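Here's the structure, in structure tokens; my notes come after.
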Amino acid sequence: MNMAIQTIKYIFWLLPILGLTQALLQNPGDDFPFSTVIDILSENVEFSTFLRIIQKTGHVQYLNELQNFTLFAPINSAFIKGDQTTDQFEEHFHIEDFLIHDRVLQVRDLENGTYLEKRAAKAPLLLRKHERHCFVNEIAVVEPDLLPSFQNASLQGINNLLLIQPQINELLVQLDEETQDLKIFSDFISSFSNYNAYTNSSTVLVPLDVNFRKFFNTIEINYLLDKYNKLGKSNTISQAKWAADRTSLLQELIIDDVYGGILPKELILENKNNRKLFMKSNSEGTSVSVNNSDYSPISNRIFEIGVVHGFSDLDFLRTHIQFDAEKYLHGLNCSEFVKELYFRDLEKFIQNGRKITIFVPQASFNEDRGYTKPSLLYHFVEGKIDLEQDFSSLRPIQYAPTQIYDSAFCSSAKRLGGHCQKFKITRSNKGYYINGRFKILNTKPYEIGNTSIYSIDDDLQLPGDLVLSLAPENHCSISLMLLKELNLLDLPSNHKGYTILLPCMNSWDNNDLTIDYLRSNKTALNLLMRNLIFEDLIYSNNYSISTTVKNLYGNSVSIGVQKIVGSQNLTKISVSTIKESIIIEESSDIFFNQGVIHPIDQLDFPVDLEISLKELIETTGTKEIFDFFNLFYDLSSIIWNNEEYSLLVPTASSIPLSGITANSTNLRKFLELHLIPANVTQNLLDCNGSISTKLGTKLNCRKDHLDNVFVSIQGDWTKEVRVLKTGCTTNLKSSCIFLIDKPISLSWLNSEKYHLRLPGIAVGFGVIIGVTIAISLLFCIIITRGGKVKDKNQRGRNDRATTPLIQHSPIIHNPSYSATAHLSPLSQPTFEGSYSVNAIQTPRDIRRVGSDQKGGRSVSTS
């Protein structure tokens, strides 16, 4: 072994001596036999600029000592073509940018095609041979294969400068501008702060946007890119999952070392996830394929320390990434919502495989909300909701179809007895709404595994207390006022929940007097309202149930719920303590924090509550009515026995002004004029149709633009009374009291006597007689007028001689300015008669009403 080493040393010592001996023996005219790349550069003037830069930067010795390399030397014209000046080039000059180590390139030996030359710690070079022409990084080799004799090297003269290659993120931006199809991966790479650690000296398989969208939807892409810049600030668990997914995807697309151009057949490589990949190139090396994909439309694009190939159909992008609801919520810009779930230990709802439906507010409404655990749970349903499928069986008719669902908030034992709080979804022409307030933005859910996600336009709020849960359009203010007077707006916790049948909408119409009575009688008010509240949860979709519950009095009550046959959206609720069945709209339930409210548009009284005519009259304050009716036994029984009549009751202040007293001779007629049979009461309640009185007089009803109700004698609208309030008895809804602002005067009936009513035949005869008399009078006037004219002519002839030639004419008044100047006083109408039919009566001195009734029976002036 030592002998071999000694022999090699002797050889190295002898080589310079032999070279020197050959030089001494050589003739002076012969070329110098030992040349280096520096010698070649100095011997060729076209390389003078490049040589000067090498000398100036001190690389001559370095190049002389190198072996087994290729140098690409720009000719002088390259420095003129380039954008950089020579000084700028010198400033950034690195000799390694122009070298290939461990390879002596000879262009003449290259076959036609594209070749990728690796270089340690430098960007690879792309060589392309076409016929006799060769290019390096698309720069023409104009002086090929210049070989020094004293170095194992080659020099290739090129006509342009080899520029520094861009970083990978810069290259991807450039490629996206060229193709308009590389935005996603470009953003993906840029989102890594240390992407160079993955891509240096690597082959990067770049999926085009079309490739990404083939395997990832928009939500998943948003998650991978962290489009909303939230994941970096999320909880540590979410951050770790996100970082692992992104790293896995990036490593799936990176192969250590540089591969491109013409590749060996059956080339099997591994990516950074240790997945085996089969890579091949086409015959020219201009495009590559991975795992039998289509050949890359973008190939052999060089970056700082690597090469990029772009693909449209890589099939392994999704291999190492498993999506769940949590990742989808991040992709929907709901990272704050996810953070709250972790904070409340509710992350299981977005991680397990159970069927879950989530209603999540859009991004602008889920930031810094400070959710409570119950409010978060109210956004979840343990089961799948498919709106289009769930509502497909509900035909689009006049009403808005509604479905009721259980939320995941089921822990309110005190308030709801452990039952889950519900919500309802209603479909209208404008879309789907939760509890009538929160619009669902996507009718088709985002689905991942067993989870369905709906986005809503605002944060879903848990039902509040009784008052807050009722929207103004329900018109429940009167019932709420009555509940407030009974301190029933906040019900005690009963571990069961409550069901309230609440009169709303039009239920209190025509019941103003009833309200006044109830407010004045707390016993009656309690009897009504407490019989409408039940200690259990009964929903409108609990069809065909019959159960016994307790009302707020503590009494057991039987309740049945049935769907009305033949109706599309009506439900009947039967309550044993209420006289009539209650009809409600299906799914009209309103949820509050202690149960459910059923708004009803009818006022149904408990069987134990009786409101009579007597009590309603007392509520009006017109006590004189009782005195008047007590004078007539048959009439008084109407009030005391609740007979089927309604009564118009004037206000107490208007009775004295009317002149009606207990001594009035027409008192009975007055009372009968204000009594209305029950069978026509509805006409007055509806203010429609003819209204007959017990007296036989017909009344009319009208409403003004403010819905004020006025009643008058039929055929005479000049005198009318206004209905102030109405209330009906509990036994008979057509037996009511109408409080009016003043009585209907009997004098209004007397005015009818002055109206002449003649039959049609009499009118006809009158016309004939009138025409005959008119013709006769005209004939007489003509005869009389003719005689006067004749006499005047005769007298005119006799006086002509004595008549002056000029005489003053008397002043003649224009009859058009004095149409009544010649009327007799008897023919002129009086002021009273022309102003009003009532004005011809002597005015009544109201100060004397009642003052002249000394010892004698007064006579009513009405």
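Don't overthink the numbers, they just go from 1 along the chain as shown.
Using the three backbone atoms N, Cα and C, a Cβ is placed for every residue, glycine included.
Listed features, source Swiss-Prot:
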DOMAIN    34-162  domain 'FAS1 1'
DOMAIN    463-604  domain 'FAS1 2'
DOMAIN    606-744  domain 'FAS1 3'
CARBOHYD  Asn68  N-linked glycosylation site
CARBOHYD  Asn112  N-linked glycosylation site
CARBOHYD  Asn152  N-linked glycosylation site
CARBOHYD  Asn200  N-linked glycosylation site
CARBOHYD  Asn333  N-linked glycosylation site
CARBOHYD  Asn450  N-linked glycosylation site
CARBOHYD  Asn521  N-linked glycosylation site
CARBOHYD  Asn542  N-linked glycosylation site
CARBOHYD  Asn569  N-linked glycosylation site
CARBOHYD  Asn663  N-linked glycosylation site
CARBOHYD  Asn679  N-linked glycosylation site
CARBOHYD  Asn688  N-linked glycosylation site
SIGNAL    1-23  signal peptide
TOPO_DOM  24-762  topological domain 'Vacuolar'
TOPO_DOM  784-862  topological domain 'Cytoplasmic'
TRANSMEM  763-783  transmembrane segment
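Taking the features listed in Swiss-Prot, we show where each one sits on the structure.
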residue : record                      : Cβ contacts under 8 Å, 6 or more apart
Asn68   : N-linked glycosylation site : His101, Asp102, Arg103, Val104, Asn152, Ala153
Asn112  : N-linked glycosylation site : Lys129, His130, Glu131, Glu284
Asn333  : N-linked glycosylation site : Asn222, Lys227, Tyr228, Lys230, Gln362, Ala363
Asn450  : N-linked glycosylation site : Gly353, Arg354, Lys355, Ile356, Lys384
Asn542  : N-linked glycosylation site : Val561
Asn679  : N-linked glycosylation site : Glu644, Ser734
Asn688  : N-linked glycosylation site : Cys701
- Query: Out of Asn152, Asn200, Asn521, Asn569, Asn663, which has the highest number of nearby Cβ atoms, where nearby means within 10 Å of its Cβ, if these are the glycosylation sites?
  - Reply: Asn569
- Could you put numbers on the helix, strand and coil content of the domain 'FAS1 3' (606-744), residue by residue per DSSP? 44 helix, 37 strand, 58 coil
- Quick one: Cα separation, Asn663 (N-linked glycosylation site) versus Asn521 (N-linked glycosylation site), in Å? 34
- List the helix, strand and coil residue totals of the domain 'FAS1 1' (34-162) as derived from DSSP. 44 helix, 38 strand, 47 coil
- Query: So, in DSSP terms, is Asn450 (N-linked glycosylation site) helix, strand, or coil?
  - Reply: coil
- Note on the structure: Helix, strand and coil residue totals from DSSP for the domain 'FAS1 2' (463-604) stand at 34 helix, 43 strand, 65 coil
- Query: At the level of the C-alpha atoms, what whole-angstrom distance separates Asn200 (N-linked glycosylation site) and Asn521 (N-linked glycosylation site)?
  - Reply: 90
- Query: Asn521 (N-linked glycosylation site) to Asn569 (N-linked glycosylation site): how many Å between their Cα atoms?
  - Reply: 37
- Averaging the pLDDT values of the domain 'FAS1 1' (34-162) gives 93
